[in-house]
Every structure is written in C-alpha cells, then in structure tokens.
Amino acid sequence: METFLFTSESVNEGHPDKLCDQVSDAILDACLEQDPESKVACETCTKTNMVMVFGEITTSAKVDYEKIVRSTCREIGFISADVGLDADKCNVLVNIEQQSPDIAQGVHGHLTKKPEDIGAGDQGHMFGYATDETPELMPLTHVLATKLGAKLTEVRKNKTCPWLRPDGKTQVTVEYKNEGGAMIPIRVHTVLISTQHDETVTNDEIAVDLKEHVIKPVIPAKYLDENTIFHLNPSGRFVIGGPHGDAGLTGRKIIIDTYGGWGAHGGGAFSGKDPTKVDRSGAYIVRQAAKSVVATGLARRCIVQVSYAIGVPEPLSVFVDTYKTGTIPDKDILVLIKEAFDFRPGMMAINLDLKRGGNFRFQKTAAYGHFGRDDPDFTWEVIKPLKPKA
C-alpha cells in the first residue's frame, strides 16, 4: 500500500498572532453589535508590554477600544508580565480612522446601495474545502492539531495542568493513502506540542501531563501505535512566551484559520473585517458550498474557488474540483452550486447573517479555526442540500 505523510499545525489563543486576531474580532463584534452596517478593517499588533489597534472603522457604535483590548487579553490569561503580558498595565495604543470615501462610494455607495448591488470591498480570490475523512468534513491533520491546542487551553484554565501558560503550538503528521482522490487517514505519525510553562515544572512532568491530559483525550486510540513519535516541548524550555517572547500581528495564521495546508488559500486574512470584505465572507460561502457538495454525497472531497473585483457585486469566476471523487461531472456540480449560493457580498452578509456581532460571535472564530466548528454562530457550516436534476 502506497502512503504519504501530511502535516498541519495550530497555535493557542495565547500565541501573540492569535491574540491580535482575537482583539481585532472583539472590536468587530462590538461595532456590529451596536451598528450592523459598521465598516471595519481593524488590525492589531503586540510586543512586550504593548498592544496597538489601528485601521479604518466607520460606525455609529460607541466603542471603548482600550477596554476591549484589555478585557480580551485578560480573558486569554495575560494577567501578569510573568506570563508574557499584563492586561491591566500594558500600554494600549489606538490609531483608528474612517474608511476611505473612495472605497465607500465604490463598494456600498456610502450606505445607499441595496444589498444585491453592494460591491466587493476589494479584489481577491478565496477557496473553500471539504473532505469526508472526519465528521467535521475537515482534514484530520488540521482537526487534531486544532483540538490539541484547544485542549491545552482547557486544562490550563480548569487548573488540571496549573503549570501551563497561555502561549503554545501544536503540530500533527498523519500517514494517509489516496483512494481515487479521497484521503484515507491510516495513523498518526508524529505529534508535536510546544507549550509555555511556569518555572515549577520539569520536562518529564510536562511530557507525562501532555500525554495524559491533552493527547489521550483528543487523538482517537485507533490512530496511535507503538511507532507514533511524540515531540513534547523539544526545545527544552518555554517560560518566556506571549508578546514578551514574540511580536504578534493580525492575519498571520491564515492556514491555521482554514484547512491546515490542504486545499488552497487566496492569501486574505479574516479577523477584524466586516462582511463587505470578501476575504472573509467569500471564504465563508465557498466553505459552505464545498461542505454541502461532500455532505450531500456528490463527492468525497471538494474545493471551490470564487474571485472578485472591487466595487463589483457579481463574482468574476466560480470554480469547483472534486479531485475525481465526484458522483456526477464537476461541471454539473458547478451548476448546482451557482443555483444554490448567492456569491454577491451584500447577499452573503444577509444569507449567512454576517452583520450580527456580540456574544463573541467573531471573536470565537479567531482561535481554533473558522471551519468545522459545531456552533450555531458559524452559519457557514450549515449544509445546503444539492440535488442533481433527474
């Protein structure tokens, strides 16, 4: 049997880049909660003792940016300089301006255009992907790496492993076979976890706790065997972390946010962007399209691409490839997709309810993946039935 290895990684909510994603989306949530027509392009950067938010926001919402920054950092666990950042004492810098009037008139006519006439906020191309190898219809490498990271955070916050600190990274290598274009996981080849920790714990204790409380509950036993390799804090020491260890920036974990390297990526980040930004809304709708193709049984694996021009409502192109796993020709699946999904930005915002903020709606997406999540706020995960005409 011919097999191959594929690897995906993830990072925890305390990773400095992910901290920035969560701050940007927390600000988006706050704006949309008060003003669903908010136009938000919010970036965040961080380094030792500093968080800065900057970008373009046009909204009637009254938002205390500094308060949101501090509360987001605090919720993650950055409560002292020892762990990498002190939410209550760090410097918070804010440099927010209005959306460019040139962009505003071209995209939404300064809020005068009907939803179906709203243009894309920028050019770009986005990809959605789905595969039948997991119940989430997501790649197993990505699912396991992401769940390991989420479990690290869980056992830190519930004090199962009190020595844990917020920052951390995971990586999983899976051995696969290709069955006519479909991906069949055989076994987990390698598990890598690098997690920030306090001064009280030894490397041996870290390894024991990670295997017992993080790896065992997450990775099904059928995928582990005596040859599975474990690299647990292989650098030997990870006390300094968070923004103290590395600078962070919104939008630097776009593969972790999506499919762990499977499928393809158009390059646009998600966090801090309202739904007129097709980097986000376009990627969400093509995930729904690809997932619906696989869930409906039209293919075992599927990728969908959409592309846009700034100011133009209709997509320039829609593409589908089922990697030769389709039960009907790809051109017929493309027809079904175009009939079932409205790719115009204004209509995507309505159909996926993307103007609704609050309840950490978008902040939740900013750690542990935007896709494959079982949460009613992730409206793009709802399957649309696609039925070929008789």
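Any Cβ shown, glycine's included, is placed from N, Cα and C.
Residues E56, D246, K277 are recorded by Swiss-Prot as L-methionine binders, and the candidate that the same record lists for that site, out of Q99, Q105, Q196, is Q99. Annotation note: K277 (L-methionine binding site) sits in a coil segment as assigned by DSSP. Separation of the C-alpha atoms of D246 (ATP binding site) and E43 (K(+) binding site): 17 Å, rounded to the nearest whole number. Closest to E9 (Mg(2+) binding site) in space, going by CA atoms and restricting to the binding-site residues H15, Q99, R237, K253, is K253. Binding of ATP is attributed in the record to H15, D167, G168, K169, S235, G236, R237, F238, D246, R252, K253, A269, K273, K277, and the widest Cα separation among these residues amounts to 42 Å.
Each of the binding-site residues H15, R237, K277 was scored by how many other Cβ atoms lie within 10 Å of its Cβ, and the smallest score goes to R237.
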